[in-house]
Amino acid sequence: MLSFQHRLHTFLQNCRSGLAAMAGIMTRGYIPDIVIYSTLIKGLCMEHRISEATRLFMGMQKLGCRPDAITYSTLIKGLCMEHRISEATWLFMRMQMLGCRPDAITYGTLMKGLCQTGNINIALHLHQEMLHGPSRYGIKCKPTIISYSIVIDALCKDRREDEASELFKEMKAQGMMPDVISYTSLIHGFCRSGKLEKAECLFNEMLDVGVRPDVTAFSVLIDMLCKEGKVIEAKELLEVMIQRGCIPNIVTYTTLVKGLCMKRRISEATQLVMKMQKLGCMSDVVAYGTLMKGLCQTGNIKIALELHKKMLSDTGLYGINCKPDAISYSIIIEGLCKDGREDEARKLFKEMKAQGMMPDVISYTSLIHGFCRSGKWEVAKCLFNEMVDTGVRPNVTTFSVLIDMLCKEGKVIEAKELLEVMMQRGCIPDIVTYTTLVKGLCMKHKISEAAQLFMKMQKLGCMPDVVTYGTLMKGLCQTGNSKFALKLHKKMLNDTGPYGINCKPNAISYSIIIHGLCKDRLEDEARELFKEMKALGVIPDVISYTSLIHGFCRSGKLEDAKHLFNEMVDQGLQLDDVAYYIMVHGFCKEGQIDKALFQKMEANCCTPNIIAYNTFLRDFCKSNKSEEAFNF
């Protein structure tokens, strides 16, 4: 019998052989025991053959072999691995009805399965039953550190870190010492919700009670510090980590490289990549991709290309042992396109395909965007068609780029058609897509269609932002519909009406309407809007001031214009010659020469241009002040 048992354990790695061996045992008249059954059920579960494991489990009972807690736990774990939670829960209940009492492992197994499938509240209920004793489950065992850690981790992942913190306190009150997993889960939860101070306090507590942080605990905190922009503190924590004998892994280093790149500390990021390799941690394609992205974002595309070539050749300074993937190619292609080097990007795109890699939506979109940016529309269209033909699904960015291109070409009908195609293909337009098309329609003075699209996007659940409103307002003002723009502005302010607006006007949107009203000779309405703007704490910009000054000058309200001009200077706004010319022209038009204004112009470091000089000279001459004109 022992030889047969030994054979079955040996064949565990191949369950088919194990089952055949068991059949051989039974033909010889031997009945397999609970150990053999449990071993085979475990093997089948490990191979994801749950249905066979379930049949074997049922069959053993028919042959009079009663499953124990280990057998039940094994099958429950297998069912949970396949997310068959209902069956796992039923089996858990059944084992108790048949008099087999679950142990802490059984509970922990089911609780983990419940948490992984989003049934955290049921897992919490099960935890309470364990804690408080007998219930309909017949529970007689208490929660362990492992079961606590399972639920704490799940609560944190579900952004319920306050509940997790309470459970953590309860765990300590029960006389249990939290382990590194419990601490790390809660630290991660606080970091995820932006509660850095709580995370740091917990980390310090962890050190004080003698629990050694592992690589995950350090990596989580380093990631949080980087996201907060505290890269110096993150670097210091890395040194502490190494000093404490905890070896950073590729995730730790990549996190810090990314943080340094985000702060544009490219030299330090590059040095860190070098250092990690010297310490025996070989960079993967993610680490290199992170550094490449940082290099491209800071204009160091040449160095990024060199790094790419090193990856390809698998030699050189960096000691690289990995090849570029579709993501790393896409990073450099995008960097080259943004730098106006789309022809080089296209060569890299071809190289990518020659390396046997299928370009993804990011690669195609970056290249399409590059050619659109440089006005090579036909090349962009060909790439889009190739993309569709090869089965790569365009995303919202791809469509938005092409719609923008068509609008810039003045082909708004084709842009509208492409929007319909986009929606038919199941790609949902976003705020950028709609705003781009609204702008295109306004540029072609198709204001009615722009307004209809503005309404349609909201009906489809895409709420406009202040940029979208500003775009439509500008279109309305440019076509003499400033009063309609003003109505739209009022809707934004009141946050009511058919638009469902959830955003407030900003300095730009105010400037658009003030300019439009003044252009339509409605400077009194513009003045009221200007006052409202300041009352709401929105600081007027140069355009707001200049537009209103222009309106006052045009209507002969020179004192109002002068008062506003002086206010503008007092506010410390950077003035340009446009603002001065408007004032000079306005005063001279009314036959009023104001040398003081001209002197103020020079005093504010704004050199008068030839138009301003000519305007003054012409007015002197008209006023028969030829000598003053000559002296001026």
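Placement of Cβ uses the backbone N, Cα and C atoms for every residue, glycine included.
Annotated features in TrEMBL:
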- 33-67: repeat 'PPR' (REPEAT)
- 68-102: repeat 'PPR' (REPEAT)
- 103-133: repeat 'PPR' (REPEAT)
- 144-178: repeat 'PPR' (REPEAT)
- 214-248: repeat 'PPR' (REPEAT)
- 249-283: repeat 'PPR' (REPEAT)
- 284-314: repeat 'PPR' (REPEAT)
- 325-359: repeat 'PPR' (REPEAT)
- 395-429: repeat 'PPR' (REPEAT)
- 430-464: repeat 'PPR' (REPEAT)
- 465-495: repeat 'PPR' (REPEAT)
- 506-540: repeat 'PPR' (REPEAT)
For the repeat 'PPR' (68-102), distant same-chain residues with Cβ under 8 A (at least six beyond the ends) | 34, 37-38, 41-42, 44-45, 48, 50, 53-54, 57, 60, 109-110, 112-114, 116-117, 119, 137-141
Compute the average pLDDT of the predicted model within the repeat 'PPR' (68-102).
-> 83
Per DSSP, what is the residue tally for the repeat 'PPR' (68-102) in helix, strand and coil?
-> 26 helix, 0 strand, 9 coil
The repeat 'PPR' (506-540), counted residue by residue under DSSP: helix, strand, coil | 26 helix, 0 strand, 9 coil
